[in-house]
Every structure is written in C-alpha cells, then in structure tokens.
Amino acid sequence: MAVQSYAAPPTPWSRDLAEPEIAPTAYVHSFSNLIGDVRIKDYVHIAPGTSIRADEGTPFHIGSRTNIQDGVVIHGLQQGRVIGDDGQEYSVWIGDNVSITHMALIHGPAYIGDGCFIGFRSTVFNARVGAGCVVMMHVLIQDVEIPPGKYVPSGMVITTQQQADRLPNVEESDIHFAQHVVGINEALLSGYQCAENIACIAPIRNELQRQEDPPTLHVEMLTGEKNTMTTDYGTHVRQLLQQGYQISLEYADARRYRTSSWQSGPTLTGQQESQVMAAIAQLLKEHEGEYVRLIGVDPKAKRRVFEEIIQRPGQAAVASSSSSRPSATVNASPVGSLDAAVVAQVRQLLQQGYQIGTEHADARRYRTSSWTSCAPIQSKQEPEVLAALEACLQEHAGEYVRLIGIDQKQKRRVLEQIIQRPQGPVAIAPKTPTPVATSHASVSSGGNDTLLSADLVNQIQDLLRQGCQVITEYADQRRFRTSSWQSGIKITSAQQINDLRSFLAEHQRDYIRLVGVNPQAKQRVLETIIHRPNGKAASNGNSTRGQGFTPRPTASSQGSPSTHSLSQEVIEQVRQLLQQGYTLGLEHVDARRYRTNSWQSGPRIEAKNLNEALAAIQACLQEYSGEYVRLIGINPAGKQRVAEILLQQAAK
C-alpha cells in the first residue's frame, strides 16, 4: 500500500523541503499523514488516521518497534527542542518499543523514553517522559519531567514538578498490560505486511477457498491419453530434479492473472520423473482454460530458481528452452493495445533485472504531481508483466498512468515514463533506463511544440545535470499580484519534460514559473516565469551550464514582463529599492480622492527579484487603469516610507 508522505512546505522558518525517512521494514498505512523531516526506524507500525507533521517544529524521531495507533497526532512548535538519546536536538523524540495509543497528542518539544506506554486521549506537551513509564487514559502532562519507571493514573493533570516527583512506581501488572498492547500491535504489523505480500497471503486465501468450496475429485486413468507436456518441459523437469530442486505449480484465471494473483497448487515431492510428469499432466487437465506455471524451488536457500508458464487459456502446454535459473525475459508479442515502444521499454527493463511498477493520477492530482501506486507487479516474466500493465491501463482509463523502472538493490527508480494520458495512450520512444536524478535523454522542443523553447529545455537539462531539483509553481492573476504561488509538478528527469508541456496546457490562464533548488544547500538557485496568461511561454536563455549552482534571472531575459508603460527611470528606482532590502507596496486613488490626497492601500509586492516586481506592478496598473497609482518603498527595519513614486495618472 502506497505511503502518503510529503515534503515540508516552505515557511519563513524552514525552506529545506525535508521529506520523511522511512525504514524499509517499517509499515506506514496509506491513510496516515506524514509531512516533513520525520525519521522512522525499523519495524515501526503507524496505523491509519495518524497525523505526524514536522512542518513547524523539526525533526521528529520515532524509534524501532514503536507503534503509533489510529488517530494519534504528533506536532511541534517552531521554538523549543529536546536532546535525543543520540545527543542531537529534536522537536519530538520517541524512543524504542513505545506504544502511543488511540487519539493521543504528542506536541513538541516532547521526549518519550524507551518502553513507554501512552494511553488513550492523553496529551504530552513541552515535557519529558522517562523510560518505562506507563501513562493511562485522559492524562495531561505539561511543562514537567516524569522520572523513569513511573505510573500516571487515568485522568490526572500533571503541570508541576512536585506532582511528577510524587507519582508511584510502575507495578508488575502495569508492565504486563503495556507488553500485552505492544504484542497485539506487533501481530498487527506482521499481519498488514503479510496482506501486502502475495507469497504470504496466497496460501491463506487458498485454504479459505478450499473450506468454502470443497473440491470434487475426478480420478481418470492417464493410460492411452496424450500427454500435454512437451519434450522441452520434460527436459526442464528432469534438470530440476537432478539438481535437487522441488517442483510446484501455480494457477490463475484470467482476472487474477491480470493482477499477478497466482494461487498455489500442489508441491510435487516425488523424485521419479514419471510421477512428477503425471502429476503435472493431471493438474493441467483439472485447470484447463486457466493459466498454469511451473515453479522450481531451492529448498535450502528457500527461493525460486525457475518460473515458466506452461499453459494458457485455449492453448496447450507452452514449450520453452530456457535453463533452470531465474529468467527475466520471455519472447512474446505485444499484449492487446500496448504500444510496441512500451513493450520494448518493458523488455529492456526486465533484461536488466529491474522491477516494473505503475502509478496513476487523475487530472487534479496530476497537476500537483500526487501519484498513486497501482497494484505491484511481482513477476519477472514479460507476458505476465505486459498483461498486468494492460489491465492497469484499462482500469485507469481517462487518467494519467506512468511506467516505473525500479532497481531493487539500490532501492531507487531508474525510469519514470508516462504511457497513458486522459486522451489515450502516449506514443513513446524506448529510453535507456537511468537513475531519475540524471538526465541525458533528448527532448524535442521545436517543430509543432510551441509551449517550450529550446533555451528553456536546455536550461532544465542543465539544472538536472548539476543535481538540482526542478519544480514548478503557478498562480492566477489575483494571487500573482501578491506573489502567492501554488506548488505545481516536480521534474526529476528530462523524460518528464512532456509532463511540463501538459502542465502548461492545463494552466493557460495562469502564471507559471520554473524553480531550481540546490538540495545540498537547501536553497533556490533559479526562479523564472515561463508562462503568462496570454499563453506565451518565456524563451529562457539563461543556461546554467558551467555556472555550478549560481544561475540567476536577469531583467532582460527569462521572460521579463512587458514594461512599455514604465520608464527606464522607474525601473532603475525599483531595482535600487530591492537591492537595498526595502519592501514595495502600491496605493491607488480616483480623481476625486486624489484632490484630497486620500490614497487607498493596494497589494503588497513580495517579490524576490526585479522580474517579479515589475510583473506585479504591471498587473496592478492594468487592474487600476483610469486611476492614480503610486509605488511605495518601505524600510522594514524602521517601518517608514523611503520613496513615493507616481506611476500612473488618471485619464482626463
């Protein structure tokens, strides 16, 4: 199940866009909410409905084998830190083997020691709870330090240190109760992980199905019947048996086959080749019209060494000449409506040992790059992967679907390619899989595509080559005047520049700017407007090649706003005000009020560079056409005006 985790939003106190760090063995339910610098260690269980937000106080630490139950809220203040067991500062530290139960509130600065139990609806704020404490239900702990091994009865309000020091010690029965709750949640953790593992859940489903529908046995003599196994498969069975491997079978109907949900068949324990072949022939006959595959298992290493489909609906057993070792390729024709380029891309990924995954998003989520993971494709066989891929495209018709190539050893993505849009499938050219942090794929920007200029495409590629993160932001005309930008899509590889074209098409009436972020320095290195409501994209000639992390927009490039109504003197004054650190504002007045000097405050211009300031001024001049408009320069330190410049006079 996909984990819903987000980077911390940019705020006045934090602009590092930190994201959660989740250990591979931890289980985080998709209905939980993780934001910011949250560090989750091994075997942590986070239940649905929890909210862990490190967007103000940061970072958070959640120790190994800790369970966070439904409805828990963990948050922190901008100021205030605690010292964790590793000697570092944290907004919230939760130790190992801690149980935080339903509806509890942990608000930093807060420290919860190892082995603690926090009861239902209890609150810990600006406090330290020592190791081994048992806090019961509806308790408030604030501004105190609870010594280790203390028991806090239900309903108590602990707000003074004298109250904390007088608390009784934990008794044996309290420890047993806390251990009982922890044990239950560890069992839940194992159960949730098993439910997402086909190999674990399949035998349980098969057992339930056998209990509900007892099979009717039909024993028939095989003598005189034509054996459905081919000579090639007889060779494979013989080789597997000679090497000491076990042979088993799996089967699936057409619906389960599309989701790679195979059902386990019998394990053939006999060592006689004739007995094994007879058993396989019997199973093929029983499951006629279904998919059946042959499995070779190494009993010592407890892993599969061979997988091959030997029967398909409407076909006889499939011959194969592959050897008895894990196989990543099967020559097959394209499945259904899949584009030949998609099939070639999948084949290339499988040949290199990568795992295939898919993600989908509707038009609204696509604009914010909020992709949802589809059912995992565990198979390494090309026909099975293509069938599952086609089923995913059919299931999510009318949505965006992208193909993911995953390097399981390095635990990183090597390919992200959109293969379907709401209008239909996408024609793609096969690309060599590379880590998504790099970009050497060529992207066309000329010809019939007028949304992106060649300079802009080159600039994006330069930023990616330098290791920068590339994101987009957009704003309508009203928000643009106040510089209130909203987050758009994130571009992690040159292959996603097509996504940028779609994003520009969807926001034709908005301002869109491109942002380059240095992830190491955690600062923005580029902000440039690439699209305006008139539909024109900026022709960005400011390439970052050879400049390290120092690209900066200039007033003469990057799509600078039209300044035909502003004199060069005014532009120079605006530049000087910005360079001196002054803030800009506007005031407007009609002709009648102008005579009495009764100016009305306009929007405040929170621009970070000359481009944005001039664009915002132009937008205001258009909005207040026919009125007097003047620019105000304000010294934020002294809170006084340093300049008043008349920009526009009322029409007479």
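Heads up, the Cβ atoms here are built off N, Cα and C, so glycines get one too.
Taken from Swiss-Prot, the feature region 'Does not have CA activity' applies to 1-193, supported by experimental evidence. The active site, proton donor/acceptor annotation in Swiss-Prot covers E56. Residues or ranges marked as disulfide bond by Swiss-Prot: C194-C200. If you look up Swiss-Prot, you'll see 338-422 marked as region 'RbcS-like repeat 2, CcmMS2'. Look at Swiss-Prot and you will find 451-533 tagged as region 'RbcS-like repeat 3, CcmMS3', backed by a curator's inference. Annotated region 'Disordered' per Swiss-Prot: 530-566, in sequence order. Annotation comment: Swiss-Prot describes 537-566 as compositional bias 'Polar residues'. Sequence annotations record features per position, and here Swiss-Prot assigns region 'RbcS-like repeat 4, CcmMS4' to 565-649 based on a curator's inference.
Between the region 'Does not have CA activity' (1-193) and the stretches 338-422, 451-533, 565-649, it is 451-533 that has the most C-beta pairs under 8 angstroms. Helix, strand and coil counts under DSSP for the region 'RbcS-like repeat 3, CcmMS3' (451-533) come to 30 helix, 30 strand, 23 coil. This prediction places the mean pLDDT of the region 'RbcS-like repeat 2, CcmMS2' (338-422) at 83. E56 (active site, proton donor/acceptor) falls within neither a helix nor a strand when secondary structure is assigned with DSSP, and so counts as coil. Of all Cβ atoms in the protein chains displayed, 18 besides its own lie within 10 Å of the Cβ of E56 (active site, proton donor/acceptor). Across the range of the region 'RbcS-like repeat 4, CcmMS4' (565-649), the DSSP-based residue counts are 31 helix, 30 strand, 24 coil.
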